[in-house]
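Taken from TrEMBL, the feature transmembrane segment covers A:31-51, A:58-76, A:82-102, A:114-138, A:163-189, A:267-291, A:298-320, A:340-360, A:381-400, A:420-447, A:527-547, A:646-665 (among others). The domain 'NADH:quinone oxidoreductase/Mrp antiporter transmembrane' annotation in TrEMBL covers A:128-411.
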Amino acid sequence: MIAVALWSVAALLALAPAAIALSMRPRGSVVLYGACLVITAALCATALLHLLDPAHPVLSATLPIGLPWLGAHVRLDALSAFFLFVINLGGAAASLFALGYGRHEDSPGRVLPFYPAYLAAMNVVVLANDAFSFLVAWEFMSLTSWAMVVSHHREAENVRAGYVYLLMASFGTLALLLAFGLLASGAGYDFDAIRASHPSAALTGMVVILVLLGAGSKAGLVPLHAWLPLAHPAAPSHVSGLMSGVMTKVAVYGFVRIVFDLLPEPVWWWSMVVLLVGGPTATLGVLYALMQRDIKRVLAFSTIENIGIIFTGLGLALAFKAQGLDWVAALAFTAAMLHVFNHALFKSLLFFGAGAVLGATGERDMEKLGGLIHQMPKTAFAVLVGCVAISALPPFNGFVSEWLTFQAILLSPQLPSWGLKLAIPAVGGLLALAAALAAACFVKLYGISFLGRPRSDVAASAQETDRFSLTAMLLLAGLCLIAGILPGLLIDALAPVSKDMVGNVMPHQVGLQWLTIVPIAESRSSYNGLLVFVFAALCGTAAASAIHRLASDRLRRAPAWDCGYPDPNPAIQYSASSFSQPIRRVFGSIIFAAREVGEMPPPSSPRPARLQVELHDLIWDALYAPIAKVVGFATDRINILQFLTIRRYLTLVFVALIVLLLVVAL
Amino acid sequence: MNALRDILSQGAQMLLVLGLAPLLTGFVRKVKARLLRRRGPPLLQPYRDLVRLMRKDVVLADNASWLFRVIPYLMFAGTWVAASLVPTFGNGLLFSWTADLIAIIALLGSARFFQALAGMDVGTAFGGIGSSREVMIASLAEPAMLITVFSVAMIAGSTQLATVAEFMGSDAVGLRVSLGMAFVALTIVALAENARIPVDNPATHLELTMVHEAMVLEYSGRHLALIDLSSQLKLLLYVSLIACVFLPWGMAPADASVGRFLFGALLYLGKLTALGLLLALFETAIAKMRVFRIPEFLGAALMLALLATLLRFVSGSL
């Protein structure tokens, strides 16, 4: 099996140079995305087979490439198989979507060669079994995605996004490099050797912080999230879907692999750090998302929220594992992994939907859209499913993972540590707030862009997207529903992963009455998505048939009533900014330092009054702006060195030599 | 035999909540009118309104989409399922394990999600203002509700309503500060979620004050009937929820006799009457708030719920 995986990765890598030639051909993109679809689908199937294999074998191999005498170690265990499955499911969906969407690309040469390389890099990260291959693949993943972020380099916004992304990615890799440096100091690069070593408590603590910085910056944890809402929307939509839905999961993998697998037993304060980063990330991410009017930026910020939920689950798992309550740790860990899978499904779906809208209208600004449900009914349906799923509403999949996370929180009074006793309810409150705000955010996204009346000509004349893109979206929407009504299957499939990582599993779910999921005991909590779905569907159809039989089923069309003042101008509708204004008033003054300034024209002037809103990203202002300022200041000073005469340069070299000789002599 | 009784009791529960919901609304209206020294509409007026609406044609805005026509059914289905899962007269309901308290909140959340979308479908300013305010209120009320549920669930050791009710009815509960706080928080949330004074006043058509009515302004005929019925069901759900968690006495256990069930139903009617009276009293005694004071009102619920949960984390007995 590992051979299949490796050959598929090799095939993806081989596709990259071939794509340069293909990009010159008119149908080149179709061939390339078709090939990627086949390979990722094969990888996805391989991973699933390995995950479902009852023996759960750990396969490993050493390749004769990489560092001399060390080679490249690869390994396929349950954790890698699960992430391989998620990556390639997302990859296959993105390739299918791109079969249609990729044809809109005006400069295919800037995307096509990097796309298969990017997929291959993500696969290698989860297969790598030594620090060197891991880091090389990690950096390769960053660089190929960076190349696609700046593929539309004529827009100044994208270039800035690429610049910030490159800086943050380098910072993240540096942090991981240091983490591995600390770990490898006693054991070497090989993961097996690191697993077997017994590093000191101080060292592992530092490693946890460094990994949180490194993987967290890739995943988008606040305050390292600054690059994500810039970079994810800048890439072509199928790549945005991969970056948001899948690459952030590779970052989660990095965190899980190092903290849960390579390090020895956790200490309780690790979980405190992870929880105190995860909870605020969830709430802040969705609050930022609510303030945006660019569809893809809303989605990118919402990824930050979901990453916060995943890390909260991981933090809970660490807390319980540190106290030896490994059966609750298994619950929290499974919830986090389930959310990894769910988020990959609905975030890819939503980004594809945004891509379809972008392809049909050329607009990402919600305030220029509207009424698309009439022009693009199928896309509108698929996106609606994605919006309901991501808002954590039953019977879709997002609800199940949040429900499991809440169940884990409800068990936390059992923890003896006082810090955690105070932190976990607060984090639970933040998660509840995030869930409610997410629903508001996606009502806004869907209501403004798909419902109402078209706000611009492009929105009024939009055309339904092509059938490949539609198939990809509808497939993902179907998976969202299936994962929501049959979560027991997924929980059981995740058992080997949780067994390896936290040493225990959730109770076996399939085979319980009516496929109910029961995390601990039936008297404590249980949820049955299938029955809720069937129950609601029956009630809805019963009501519909009763009403159509007994009551009037006549229908007349008429102009909108609107309290008797119908206005033909679509500008009177609520816009994205006005929709979020109440929430901005509640939360904005503290979190965004929001200020509204109403500018009234002087009397007798026909100029319209204007309402200006100022929002600040306080984290950017407090953290990044000062760093940028210091760097700018230092470079300005050093800049003098660039314009010296040859005599002065020679003097500098001479002085440097003398100083060095002095150092050596002393 | 057992299976038959289970199905019957579950079916009775579903029909009971559906049948009683308009009556509760009519009762609260009547009491309010009497408190204001008006005669008020007859007790059965909500039923008549529903029948009248059902008989009328639907007048649909020209650009309403298919979603607009489906949403009343979705809302009704979500609310009805949620309402049938709250134990009312008997405890051991057949499908009580399908969804716990968190899932019931999420089901109501689905109904609200679709209602807010419906407000934006036709593309009028009123729908937008309603939806936008509704999600603002919900974004505070829902977490308050969830955290209240946390505190209650931690005291009872379960999020399963049947177990919670059983525990709350037993002697093991005692008097707890956290329960008192949770009760106040839940009451505030119930007022906000059901568009009651002081948060919202569906009886007016003043654009400055209304939230719920603004969203459903474009609905008519059978669609409006379903939406009205859903909101009546939602009120009944919250009242039954408060009754089930804080006044769980007299509920029939799963294997009770018919007489015991009837006694439970009678007691449930009594609880509804008492809570309905209290609601009417509260609503006549207080004035409608400005929209931007609502966050403070709901913030109080959020704080109380969080305090209750913290107390529970810190001390086992409070």
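From the backbone N, Cα and C atoms, a Cβ is placed for every residue, glycine too.
Bear in mind that the values here come from a model prediction, so they are computed numbers and not experimental data.
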Using a Cβ cut-off under 8 Å, which residues of the same chain at least 6 positions beyond either end of the transmembrane segment (A:420-447) come close to it?
268, 271-272, 275-276, 278-280, 282-283, 285-287, 289-290, 295, 298, 302, 305, 308-309, 312, 315-316, 319, 366, 383-384, 387-388, 390-393, 402, 405-406, 409, 412-413, 574, 576, 579-580, 583
Intrachain neighbours beyond the transmembrane segment (A:82-102), with Cβ under 8 angstroms and 6 or more residues off its ends:
5, 29-30, 32-34, 36-37, 40-41, 43-44, 46-48, 50-51, 76, 108, 111-112, 115, 119, 122-123, 126-127, 236-239, 241-242, 245-246, 249-250, 253, 337, 340-341, 344-345, 348-349, 352, 355-356, 359, 465-473, 475-476, 493-494, 497
May I ask which of the stretches A:163-189, A:267-291, A:298-320, A:340-360, A:527-547 has the most CB pairs under 8 A with the transmembrane segment (A:381-400)?
A:340-360
Going along the chain, which residues at least six beyond the ends of the transmembrane segment (A:163-189) come within the CB cut-off of under 8 Å?
67, 70, 130-132, 134-135, 138-139, 142-143, 145-146, 149, 196-197, 199, 203, 206-207, 210-211, 213-218, 224, 226-227, 230-231, 254, 258, 262
In the same chain, which residue numbers or ranges, 6 or more beyond the ends of the transmembrane segment (A:31-51), come under 8 angstroms Cβ to Cβ?
1, 4-5, 8-9, 11-12, 15, 18-19, 22-23, 25, 57, 59, 76, 78, 81-82, 84-85, 88-89, 91-92, 95-96, 98-99, 102, 112, 115-116, 119, 123, 493, 496-497
